[in-house]
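Asks: The annotation DNA-binding region is assigned in Swiss-Prot to 1653-1702 on the grounds of sequence analysis. Among the features that Swiss-Prot reports, active site, protease is placed at D771, with the record citing sequence analysis. According to Swiss-Prot, the Mg(2+) 1 binding site annotation covers D970, D1045, D1046. Marked as Mg(2+) 2 binding site by Swiss-Prot on the basis of sequence analysis: D1316, E1346, D1366, D1429. Annotated Zn(2+) binding site per Swiss-Prot: H1445, H1449, C1473, C1476, in sequence order, evidence recorded as sequence analysis. Under the heading Mg(2+) 3 binding site, Swiss-Prot lists D1501, D1558, E1594. What Swiss-Prot records for 905-1093 is domain 'Reverse transcriptase'. Residues or ranges marked as domain 'RNase H type-1' by Swiss-Prot: 1307-1437. According to Swiss-Prot, the feature domain 'Integrase catalytic' maps to 1490-1647, an assignment based on sequence analysis. What Swiss-Prot lists as N-myristoyl glycine is G2, and the listing cites experimental evidence. Annotated motif 'PTAP/PSAP motif' per Swiss-Prot: 305-308, in sequence order.
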Amino acid sequence: MGVSGSKGQKLFVSVLQRLLSERGLHVKESSAIEFYQFLIKVSPWFPEEGGLNLQDWKRVGREMKKYAAEHGTDSIPKQAYPIWLQLREILTEQSDLVLLSAEAKSVTEEELEEGLTGLLSASSQEKTYGTRGTAYAEIDTEVDKLSEHIYDEPYEEKEKADKNEEKDHVRKVKKIVQRKENSEHKRKEKDQKAFLATDWNNDDLSPEDWDDLEEQAAHYHDDDELILPVKRKVDKKKPLALRRKPLPPVGFAGAMAEAREKGDLTFTFPVVFMGESDDDDTPVWEPLPLKTLKELQSAVRTMGPSAPYTLQVVDMVASQWLTPSDWHQTARATLSPGDYVLWRTEYEEKSKETVQKTAGKRKGKVSLDMLLGTGQFLSPSSQIKLSKDVLKDVTTNAVLAWRAIPPPGVKKTVLAGLKQGNEESYETFISRLEEAVYRMMPRGEGSDILIKQLAWENANSLCQDLIRPMRKTGTMQDYIRACLDASPAVVQGMAYAAAMRGQKYSTFVKQTYGGGKGGQGSEGPVCFSCGKTGHIKRDCKEEKGSKRAPPGLCPRCKKGYHWKSECKSKFDKDGNPLPPLETNAENSKNLVKGQSPSPTQKGDKGKDSGLNPEAPPFTIHDLPRGTPGSAGLDLSSQKDLILSLEDGVSLVPTLVKGTLPEGTTGLIIGRSSNYKKGLEVLPGVIDSDFQGEIKVMVKAAKNAVIIHKGERIAQLLLLPYLKLPNPIIKEERGSEGFGSTSHVHWVQEISDSRPMLHISLNGRRFLGLLDTGADKTCIAGRDWPANWPIHQTESSLQGLGMACGVARSSQPLRWQHEDKSGIIHPFVIPTLPFTLWGRDIMKEIKVRLMTDSPDDSQDLMIGAIESNLFADQISWKSDQPVWLNQWPLKQEKLQALQQLVTEQLQLGHLEESNSPWNTPVFVIKKKSGKWRLLQDLRAVNATMHDMGALQPGLPSPVAVPKGWEIIIIDLQDCFFNIKLHPEDCKRFAFSVPSPNFKRPYQRFQWKVLPQGMKNSPTLCQKFVDKAILTVRDKYQDSYIVHYMDDILLAHPSRSIVDEILTSMIQALNKHGLVVSTEKIQKYDNLKYLGTHIQGDAVSYQKLQIRTDKLRTLNDFQKLLGNINWIRPFLKLTTGELKPLFEILNGDSNPISIRKLTPEACKALQLVNERLSIARVKRLDLSRPWSLCILKTEYTPTACLWQNGVLEWIHLPHISPKVITPYDIFCTQLIIKGRHRSKELFSKDPDYIVVPYTKVQFDLLLQEKEDWPISLLGFLGEVHFHLPKDPLLTFTLQTAIIFPHMTSTTPLEKGIVIFTDGSANGRSVTYIQGREPIIKENTQNTAQQAEIVAVITAFEEVSQSFNLYTDSKYVTGLFPEIETATLSPRTKIYTELRHLQRLIHKRQEKFYIGHIRGHTGLPGPLAQGNAYADSLTRILTALESAQESHALHHQNAAALRFQFHITREQAREIVKLCPNCPDWGHAPQLGVNPRGLKPRVLWQMDVTHVSEFGKLKYVHVTVDTYSHFTFATARTGEATKDVLQHLAQSFAYMGFPQKIKTDNAPAYVSRSIQEFLARWKISHVTGIPYNPQGQAIVERTHQNIKAQLNKLQKAGKYYTPHHLLAHALFVLNHVNMDNQGHTAAERHWGPISADPKPMVMWKDLLAGSWKGPDVLITAGRGYACVFPQDAETPIWVPDRFIRPFTERKEATPTPGTAEKTPPRDEKDQQKSPEDESSPHQREDGLATSAGVNLRSGGGS
């Protein structure tokens, strides 16, 4: 249902009564409420997660049955079963419809009509769909399975029954109809009476009911039984149906139609207004098309709720008038439970916002109940009466809520922010976590894993310490059990306990809280006898099996038989007193820190240390050595100790006393094994004359560490002692102070007054007592801030008295005192009279105590607080000295240098130096006539690390609170009063030269901060800041500003600011800084950092812009830099300064000449005018302030405003983007203004005023991501009207700042225009109904061409138009370009500016749309774009040839004839191809008979192409006349492969008269011979093992392989067949001969009728020349002639033929013919191109194929 509480109850009761009343049944409201309350008790999940559907309702029934079994039937209300059964019958109707529909599909329409005539005519006006039963027994599992089966199996997916099944179904239907016809009337009456006459005090079924129930249940598994609808009572008062049909459709749509006829409008929507006008609209519910709902559900399931298509379907649904109930039903039916919860939440939030926004406009006519469908509008019948405005708001909110659903896979960071608070109990945190997780995902293994992971990750630090050991193995119950009493004391105590038991911390936690595989205590209890887990002491077998014998005579008293440890005697048997009995730590019950009940160490006591424990103290000579080769002597602890991280450094006694052996000194170092257990030993030096006890300084490196008595913890290394003649402070060290040589400190004597000290904790000052006896700092309860968290501890304060109820800070605090700071974790004691500073903080601030007594119990030396009056030490990149020789100086400058050095020596700023560093110095003369000393420190600056700027900007006096008194002081010679660190002085040495080298150079080095050192400003700022820190802490309510050597003091009271001045001067003098008393300014008319403070107004000091020296780029750059510096005080917009900024464009040379333009002169005059009136105000902290965005020309301007301007904020002149919309400039100003407000006042402005209307602002938030980002985290208000002040009225005269001419959707009556442009500079504008406009400019880029085309459209068409382009760049310009500022740096600035002006001149709107190019789709838009695109192409013939060759790799002749290029160009293309020249072959000259026309003689063979794998056997057939080739790749070369190849060849090439092959077995087989005989094809074979007879096909093999290699290198082919087909295509249809004919043309084209040439030829057999005869064909190496007296042609080598030229002389006789000389060398060396086909030579692949030189026939 999704609703709980009283609303859920009202909703359920209303729905229940309505459903039952529609069936003629009535139930009292009290009975319905009682049933609902019982329902919540049985099924608490139902109000929130359940719904009125069959699945949930049956789950309720099962839980009712389970509840009755556990609590008895008397615990169930009497009316529960009847109500549940009736409601289940209603919900089951849909199942019956599905079943009936499935059965009806197998029955013919005539048979179904005949079989159901009686049933349908019985009550034609009361047709409803019923249920299968009404008894409680139908809740059983079998019925559930049947119902689920019916729902899970859609009837559309059932197969149609065959004819026999159809007959069976007809028989079944007839049989059932007959049965139902007889009992229907009786069943109807019985069904109604059963509910109306129900005895509410008796829920037992009557015998008749049980019989009927058993009969119905028996039919559930009967194949012959078909459940038909049960007729129900219909309320006669319902209005008649609007439409009547003879037979309603079967299925869900039919059920809805039937329900509407009966007046049931629960599932009928949307609302349709039937009136003709708004006044007489009558709302009527109409059905939403079921197809639409199915489409929506399918889209959500397949593509997600936020997919574009899904949102389109939602918009289609939203086009109807839907009520809140309709939307909830639609969302619940189509969305997942998690998405539905998100949608419902968002819908409620949007509805609340709508009510708030429209409260004033509609005067409360729209309530939240209307929008949510709650309260009096809970029922659908009441929602139908809602007005159109309300329904529109409902639809708007529903769609917005739908769009807010995140896409699949996008996880919100809700769970990441759900963390346990410091004071929150762990179980409360887990409860919140489970609630959040279960809302996002259903319960199950996945949610449990997520909860467990987050229960660890998001827990606080204390709980994580307890969970960490069992994180992987523990359960959630283990986590909760461990964190029940989580506190720092518990964690520390467990660490102590683990250490005392010798266990790991993780093991101890697992034993205590569980976490193993077995849950809590999976390892079992721990035995106190043997220490093992799994049993207790009484069950210990080791104890029982190892009982020691009875004790003998006591060795202590010698008087009785008992153990020594149990001896209680005070005197021995002789009466002598006995020493006290030593008590082991194990038996001690009063354990304190430092006494650990540790288990016994390996060996006896003292054995591990090697010392005799009965004879302390020890000397150095008693210490043991680990091995003969050990370098150190072992030091052991002589007491049990437990250390924690908070204890810091502790001293461990060793009972070993000095002195060391003569001539040695000692070095104490730790043992490596100690580091493994977390014990860190601090190294120490033992002086040779030290006589006291040697102690070891240790500290814990992890939670807790235990040190057992006798355990070796350190080594003492004895080293040779070299005594030097250094000064001696004391004669002998003796036993005083453990450590090395003493220090010299300032001494403060102890007086009667308490030693109190101020220390800051987290920025808050505390006054406390220095207590050397306090281990830890303790804060008095009265001093502790109430809002600082603390937690109680189990420890108590022990001293002279005891303090209980000790608390401790829940978080570490940062302390600070002067220049020292650190972290402490103090205790908080309510009863302390004042705060105690313990040793944990005194040792950090260097507090020491000096005493002459050698018997101090504390080995400490405590003295006064150290001071440091040096600047911080500089960090250097290298220690390599830098030496630059001093250059010579003139006499005047040399004398000035010597005088200045003398003065600085007297002032203590310089000292003599022997430094290896040296850099030059020089002097300059100031205007006053005085000289100034400077040092060239560039080389030194390069060797130091940059310390950075501590104050990146100037402080503004605007932030000084309004009305406060102000004093400004200035420090005199600040750099020279700050001392350099002694280690750095040597690096700033210099030399004073001597003329003519009369004396050695005098060398000096600076002791103070030198001018020219890059880190001097930073060091100065840090030093002064430390000096005034005490004044800041003392006067925290004052306002103190420090920048370099200027300090501003402010306070509301004049007397207090004077007091601050006195304290400030004292603090500065204490650090050696001097205040210039003559420069102290007080109260009013003050000058500070270039500004003038007069009252509450701040102005810039008077300036005058000079124009007489503005000549170069550098001059103008400085001028504009100064103007920008003072612009925060000036009302100067960027548009007003634009003429000045434009002067900077052009040559980047700094000395390039620039001139003032008239516009720039006006801008400078405006600057001077604004300087004279520039004023800003100081801030009033008690009032809010605003950030106002002002709409000014070119770019917007902003100001911080509080009844006046606090500061002006401007944007740069040039934007980094080419096109920046005006609204984006506004977001940049918002970000910059908020940042500036936080810089000045540490707070966001209270209001932001934007130059847009509310509607425009909302649209910008939705459409532009920059706006939400600019307002991220802003908690104030956004306003849309500027303050009414004359200062801001200039912004009212402004240009367009919001696009209004660009339409976001296509215009209905707009002219259609297509534009395109290409990189060749051609732009095309195709206006529908006109001739295309083509413009060419070879200088244009593709972007420029695209923009030119768009500009042409704007120039040609003034009406509304829809422009389409395939350029993303062009569509991206709109609508921003309408209000954008254009950057002049772009090359297309002129075109963009022209386009912008055309837009501003337009009177009609336009639309710019993007369309994908080269899609080949049908339709006018795609075709129009394709047409425009085709007009932009200008491909040269050479480019086309290159593209074609890159694809096909054809020969040069084909390129020449196809693209009409020269022979040289074609050859050059082939030559430059990286794949073609590699495959040239030299032809073999010879004669090979071939056909004289196509399809006469073929040659066939098989070649192997290994790259084809299993298809490597390539069968090749070539026509010897046309050279037309066909090949197939096959898996073998057997007879079947040859037959299949021949069949395909015939289909591809026709069939020949003769085929020539070699003597391969497949070719000479009987099958081949029979096959060729049937086709009447002659078959001949060549000479065995002589391939020359097959020369043509062999050459074809090479051609095919060469073409395959070319294509394979140039492209990607998926199969061998694909590659082979492309190669055949090139050889047959692309390559050409010298006459421009392809092989296909020669093979299929007509044979030329041109006359054959006559030649003379030599008969090789007769050795004589004959002729003239007809030359049939000729080629490289061969010729075919047809003698006039012969019957067949004769083939001869081509060198034995001569062209016949008809002469007057007679034909030469044979004798003379023999003497005819052979062709000259020139003929013999003719180019192959002159004799062979181009497709065989020009690409380097010459073959033996020839060309019919005259007729164009084959070769």
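Each Cβ is built from the backbone N, Cα and C atoms, and glycine gets one as well.
Remember, it's a predicted structure, so these values are computed and weren't measured experimentally.
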Asks: Sequence gap of 6 or more, Cβ distance under 8 Å: name the residues on the same chain that satisfy this around D1316 (Mg(2+) 2 binding site), in order along the sequence.
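Replies: Result: S1323, V1324, E1346, A1349, T1365, D1366, S1367, G1413, N1425, A1428, D1429, L1431, T1432.
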Asks: Using D1558 (Mg(2+) 3 binding site) as the reference point, find which of the binding-site residues D970, D1045, H1445, H1449, C1473 has the shortest Cα-to-Cα distance to it.
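Replies: Result for D1558 (Mg(2+) 3 binding site): the nearest of the binding-site residues is H1449.
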Asks: Please report the distance from the Cα of H1445 (Zn(2+) binding site) to the Cα of D970 (Mg(2+) 1 binding site), rounded to the nearest angstrom.
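Replies: Answer for this pair: 83 Å between alpha carbons.
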Asks: How many other Cβ atoms sit within 10 Å of the Cβ of the residue listed as 'active site, protease'?
Replies: 19
Asks: Once near-sequence residues are set aside, which residues in the chain of D1046 (Mg(2+) 1 binding site), 6 or more away, have Cβ atoms under 8 Å from its Cβ?
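Replies: Residues satisfying the criterion: I968, I969, D970, L971, Y1088, L1089.
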Asks: Taking every protein chain in this structure into account, which of the binding-site residues E1346, D1366, D1501 has the most other Cβ atoms within 10 Å of its Cβ?
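Replies: Within the set of binding-site residues, the most crowded position is E1346.
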Asks: D970, D1558: which of these binding-site residues has the sparsest Cβ neighbourhood within 10 Å?
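Replies: Counting other Cβ atoms within 10 Å of each of the binding-site residues D970, D1558 gives the minimum at D970.
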Asks: Expressed to the nearest Å, what is the distance separating H1449 (Zn(2+) binding site) and E1594 (Mg(2+) 3 binding site) at their Cα atoms?
Replies: 21
Asks: When DSSP states are folded down to helix, strand and coil, where does D1366 (Mg(2+) 2 binding site) land?
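Replies: In the DSSP reduction, D1366 (Mg(2+) 2 binding site) maps to coil.
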Asks: Ten-angstrom check, please: count other Cβ atoms within 10 Å of the Cβ of D1045 (Mg(2+) 1 binding site), all chains counted.
Replies: 20
Asks: Taking the center of the Cβ atoms of D1316, E1346, D1366, D1429 at the recorded Mg(2+) 2 site, which other residues in this chain have a Cβ no more than 8 Å from that point?
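Replies: Other same-chain residues with Cβ inside the cutoff are F1314, T1315, G1317, S1318, V1324, A1349, T1365, S1367, G1413, N1425, A1428, T1432.
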Asks: When a 10 Å sphere is centred on the Cβ of H1445 (Zn(2+) binding site), how many other Cβ atoms does it contain?
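Replies: Around the Cβ of H1445 (Zn(2+) binding site), 25 other Cβ atoms lie within 10 Å.
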Asks: Given the recorded positions D771, D1045, D1501, E1594, which one's Cα is the least distant from that of C1473 (Zn(2+) binding site)?
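Replies: Looking at Cα distances from C1473 (Zn(2+) binding site), the smallest one goes to E1594.
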Asks: Given the recorded positions D771, D1045, D1501, E1594, which one's Cα is the least distant from that of C1476 (Zn(2+) binding site)?
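Replies: Answer for the nearest of the recorded positions: E1594.
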Asks: Quick check: which same-chain residues outside D970, D1045, D1046 lie with their CB within 8 A of the centre of the Mg(2+) 1 site CB atoms?
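Replies: What remains near the Cβ centre is I969, L971, C974, Y1043, M1044, I1047, S1076, K1079.
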Asks: Quick one: of the recorded positions D771, D1501, E1594, which has its CA closest to the CA of D1045 (Mg(2+) 1 binding site)?
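Replies: Nearest in space to D1045 (Mg(2+) 1 binding site), counting only the recorded positions, is D771.
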Asks: So which of the binding-site residues is most packed in, judged by how many other Cβ atoms lie within 10 Å of its Cβ, out of C1473, C1476?
Replies: C1476
Asks: Cβ within 8 Å of the Mg(2+) 3 site centroid (D1501, D1558, E1594 excluded): which residues?
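Replies: Checked against the 8 Å cutoff, the neighbours are Q1499, M1500, V1502, T1557, G1582, P1587, Q1590, V1593, H1597.
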